[in-house]
There are 4 protein chains.
Amino acid sequence: MNTFGQKLTLTTFGESHGVAIGGVLDGFPSGVKIDTDFLQNELDKRRPGRNKFATARNEADKVEIFSGVFEGVSTGTPIGFAIFNQNQKSNDYENLREIFRPGHADYTYFKKYAVRDHRGGGRSSARETAVRVVGGAFAQMMLDEFNITVKSGLLSVGDVKTNEFNWELAKNSEIFSLGNEDAMKELIMKVREEHDSIGACVLSVVSGAPTGLGEGLYDKLDARLAAAMMGVNGVKAIEIGEGINAAYLKGSQNNDQMGINGFYTNHSGGILGGMSNGEDIIVKSYFKPTPSIFKAQKTLNLNAKETEFELRGRHDPCIGVRGSVVATAMIRLVIADFMLLNLSSNIQNIKQIYR
Amino acid sequence: MNTFGQKLTLTTFGESHGVAIGGVLDGFPSGVKIDTDFLQNELDKRRPGRNKFATARNEADKVEIFSGVFEGVSTGTPIGFAIFNQNQKSNDYENLREIFRPGHADYTYFKKYAVRDHRGGGRSSARETAVRVVGGAFAQMMLDEFNITVKSGLLSVGDVKTNEFNWELAKNSEIFSLGNEDAMKELIMKVREEHDSIGACVLSVVSGAPTGLGEGLYDKLDARLAAAMMGVNGVKAIEIGEGINAAYLKGSQNNDQMGINGFYTNHSGGILGGMSNGEDIIVKSYFKPTPSIFKAQKTLNLNAKETEFELRGRHDPCIGVRGSVVATAMIRLVIADFMLLNLSSNIQNIKQIYR
Amino acid sequence: MNTFGQKLTLTTFGESHGVAIGGVLDGFPSGVKIDTDFLQNELDKRRPGRNKFATARNEADKVEIFSGVFEGVSTGTPIGFAIFNQNQKSNDYENLREIFRPGHADYTYFKKYAVRDHRGGGRSSARETAVRVVGGAFAQMMLDEFNITVKSGLLSVGDVKTNEFNWELAKNSEIFSLGNEDAMKELIMKVREEHDSIGACVLSVVSGAPTGLGEGLYDKLDARLAAAMMGVNGVKAIEIGEGINAAYLKGSQNNDQMGINGFYTNHSGGILGGMSNGEDIIVKSYFKPTPSIFKAQKTLNLNAKETEFELRGRHDPCIGVRGSVVATAMIRLVIADFMLLNLSSNIQNIKQIYR
Amino acid sequence: MNTFGQKLTLTTFGESHGVAIGGVLDGFPSGVKIDTDFLQNELDKRRPGRNKFATARNEADKVEIFSGVFEGVSTGTPIGFAIFNQNQKSNDYENLREIFRPGHADYTYFKKYAVRDHRGGGRSSARETAVRVVGGAFAQMMLDEFNITVKSGLLSVGDVKTNEFNWELAKNSEIFSLGNEDAMKELIMKVREEHDSIGACVLSVVSGAPTGLGEGLYDKLDARLAAAMMGVNGVKAIEIGEGINAAYLKGSQNNDQMGINGFYTNHSGGILGGMSNGEDIIVKSYFKPTPSIFKAQKTLNLNAKETEFELRGRHDPCIGVRGSVVATAMIRLVIADFMLLNLSSNIQNIKQIYR
């Protein structure tokens, strides 16, 4: 329900305007060096109030680790952690107690649970993704032992696109842009001034993953990546490798033939039969525009009466920007999980350990 | 690993050219009328050798139920079943023992397991989807009690598209076409004659599902649907509702406002915050072209030497066609599973049962 | 790994001398009134330093709830909580860094993880059971809605036994004694003065549970209760109903015959075929003596050299006493979990909800 | 629900008088030599109709493997299998359609599911344990690679006990007796002639298991063993190591001190802190007498009227006898599962595989 992963599991809790958000990362192997600077640095990338392209809610997002680390090294026991909420302007949300915001989870949560924490979206707030970033950073510390990298950047904002894959730019860009950065920024600022918001596409690439990650038929690597990304707030479409374009191709165009130096092409996006094939793993995630806009909208209230309202509060004009940080985190968690699951795939592996 | 679902679980086994394929459906409630004609009818839609648009491998695909049904009604105990393989031309595959077919799972399975049943793809064969269709048909028998329907059809074959949503046509079409059927068929026949294959897009729609299906943050309805469909052989992209297009829209365009008669629009595809909102649930799945083509291709053999070969055997020219039947099955399983998971969402529900 | 339950899951973290212990309770239905006084009261029963029959480590054991509760009612989202450690005399344990205490988990944790938090047993400390008590108290708030009660008390301390089942006494007894309290206390004080410890037997009884709790063959109610109790630190044997005695009986003696007023006897301990039968559910748990004793013992150190040492620190002379509180908590979690799992057993139940 | 294990999972199906019983063993590593003679031999030990100490129902119990094995070796894909039922005298049970047999699951299944397959206990029949024996035999083929053995035998039948641990005798004994065989047999024959039945105690021992098997706090090795054995039909009590006796001992008596040659004693039964410590793992399981007796008993019928009846049919006079074979199977499954789960406990292990 609120747990992600099979062997490396991240269980999360917390509401946008509650006491704290946090989680338990379980199944993390012992003996991994824990780099708290890296951890905080990853969180800072996602931190609200960081620049004008993110919400003005200003949170320090300082993570406190409660367990599972001893003298700088993981112990194999669960890593409990929390981020205490600070800059909560819950009053901003008092007017939302009685209504369902369009494009948000207000209506569905209420229908399911009959009660709801209306402040800032409660559990469904994008604030929860900070916990995912913590989990992803730990996962990366494990992946570092195997020189596996995961990176994400913006391919498009609205109809402003790029065909560059400028990862150096993305690393230093305030919006993680892979190219055409100025035009992207301009569009974000423009919709913000219009009290509106805009969608975006995020590209993620995994390099260095071993071959054979992915389980059987119902826990395929691509299925898990799709679920991971579709589970991020606002994502409405996922492509692996050639993606939608594959539906327009012939087999002779789409097949990746092999030679002694590996695959000649990578239409598959690094995944064959649900398992990694040693090539770069390529995932594209499409984010809808932030549903929080400051324009008049029609909706229902708790008495099932139609009403028109205008949102107040602080919101990202383009959730894809910070979504790019979350994408990296989720994919790190997926790859690390499959690394652990894969250990028992054949008896030769197992014998190497129980010698 | 080979289990799908949380509460209603389908665990499957079987290789393309082994003794049998089959599965165990567990968590199915007691007291559901079991309609074996409907079950066989669903299987027949997916059956190979059914017409010229599917592989010529001719299997009766007769399902045998071993348990869980007593005097025509489900008993709440696990439903074990198998489909025995018959028309196995394993010799067709002897030449594949030593090589990895491009676009197939041969290479990744071998890297993972160090042994592999090379006959017809073994476990990774699309033949396994017959088991999913059985599971989906049982799920539908449960959904029937609540008047929930799931349907799928072809929106495009290669670059032949349709903007019709002619479900009557799809029901009777040999290729489950939603429109522009003749052109779609023509293209499939053309690539077949060229010894090639072609991709396709499948549209699926769920009607009548209750509001609130979908769990917390890591088992969202859209995440599970994405995983379900990305786990179907050959699927490379998934869209929910507006899908990729949402990334190009503004919030004021994409939000679905509400009125007393429900949502004014359905850009969201029936899912808000990971939960069903009572509108039709809309999923698009993009299938790559069948990797089995009868043209010369380069690949590696078991000795890591490059080799050129031409496939023989019997294959679908467009896996999207039969994939449409599998899409319906998988989505039925997802919806039925969430119906069961949802029962405990609030104490009012629970009290209705333990009165 | 560190998660208990299927539908109502308690995921815990924390080491004895770390920053905090805590957990996430997930799957708890919305709409349950949260009674924080009851919660703290349950914790106080287990609290160390409470009286001379428990360890002298004096902890306030104040629980902080981070999420999942809004305006006094559960929201259906995960309940995150922590108990911060305070009275940590870690220096008491510095001499344990290099040795493995007999009867403790020191050796096995080190063999498994290659690193270990040696302070007070780290993760394997009985301190973690405070988290279980929190989970159990929440579970009871749900069980209260159905008038289901769970109680536990001491049947024996060493060879001092009772045949009374004086639940009023147990409620007010410092050692939760079901009878023969003075002799039990005397024995505990005697072994304490000898720098030794003593075992005990705890009886637990569930009243008011509905019939039919327990799943299929591999998640039977008795199997889950056995796992729950055997998973409590120090438990070495479990009996359900007639228990060991059943092995000495004939079928004609052990069968519980039925009449219009229910079962004539309850040899089965309220469980038939792995499911509750409506009678009281009877569980006995046998606790070993606390392994921490203040006598010279032989053991190995990290250099695999034999050494003799004497423990210092603060310990319970009889872990069965506080184990009785933990027993109640674990059984509450089991019963609440099966209440939720059971909702989907038959289609009639389901139809009551989706009307 | 009907699945046992975490990483090595056995999912089973089938009713006593249905078409077949069977299962899917998933997570079994590739590359293990499959010995079908051993498999059938294990099944034969449990086979009904084998001698006068078991039920007269005569079943060949021939297992058919459907998948997961190729050219004599496991492939890492799920192993599907079935045992078709043959000697079904369902008419023997027609008189049970309307009544609940005392000591059986008839009443609880009916209360839970509202329908029930009354023939021979349906799903709750001990016949299902044949499937567990198949699973256990596969698990042993994996354990063989590490020289790990599991054995079980009878310590008592009613009040006829033995203090011998004569494993040679047990191997060849028709009742798997560990000593005092003639007296045990005599008692079984005596109760059979009285149309009654009798309980028994089974001892199981695991040798050669590596140190560190068992997970965290809620999937302890002893907890899992307890659940595994309590989940076997008719088991009412479980002891690990010193078991109940530990509750009567002092810490100074019960602690296992260590020296350079390992532990001086094994009161713990090979498990410390929920993990294996390298010593023999010792489990005792107590079976109640077979509830099926041929004496008049009072019960209810479907109309909630009290009735007296006498059972007919074919039954074991002492379920502990064949229960001994099932005990071995379940413990094999547990040990093999933890071997696989344990692979990821520390980063050193993982690095040995991904070099």
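Here the Cβ of each residue, glycine as well, is placed from N, Cα and C on the backbone.
Curation does not apply to TrEMBL; its annotations are automatic.
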Further FMN ligand in TrEMBL, beside D:R123, D:S124, D:S125, D:N233, D:G234, D:G273, D:K288, D:P289, D:T290, D:P291, D:S292, within candidate set D:R224, D:R314: D:R314
Cα distance (Å, whole number) from D:R46 (NADP(+) binding site) to D:S125 (FMN binding site): 14
Cα separation, D:R123 (FMN binding site) to D:R46 (NADP(+) binding site) (Å, whole number): 18
Proximal to chain C - binding-site residues among D:R46, D:K52, D:S125, D:T290, CB under 8 Å: D:T290
D:K52 (NADP(+) binding site) versus D:S292 (FMN binding site) - Cα distance in angstrom: 16
Nearest of the binding-site residues (D:R123, D:G234, D:K288, D:T290) to D:K52 (NADP(+) binding site), judged by Cα-Cα distance: D:T290
Number of other Cβ atoms within 10 Å of the Cβ of D:G234 (FMN binding site) across all protein chains: 24
For FMN: widest Cα to Cα gap among D:R123, D:S124, D:S125, D:N233, D:G234, D:G273, D:K288, D:P289, D:T290, D:P291, D:S292, D:R314 in Å: 44
Interface-adjacent binding-site residues, chosen from D:K52, D:R123, D:G234, D:K288 when a CB lies under 8 A of chain B: D:R123
C-beta crowding around D:T290 (FMN binding site), within 10 angstroms: 28
Which of D:S125, D:S292, all binding-site residues, has a Cβ with the fewest other Cβ atoms inside 10 Å: D:S125
Residue among binding-site residues D:R46, D:K52, D:R123, D:K288 with least C-beta crowding, 10 angstrom cut-off: D:K52
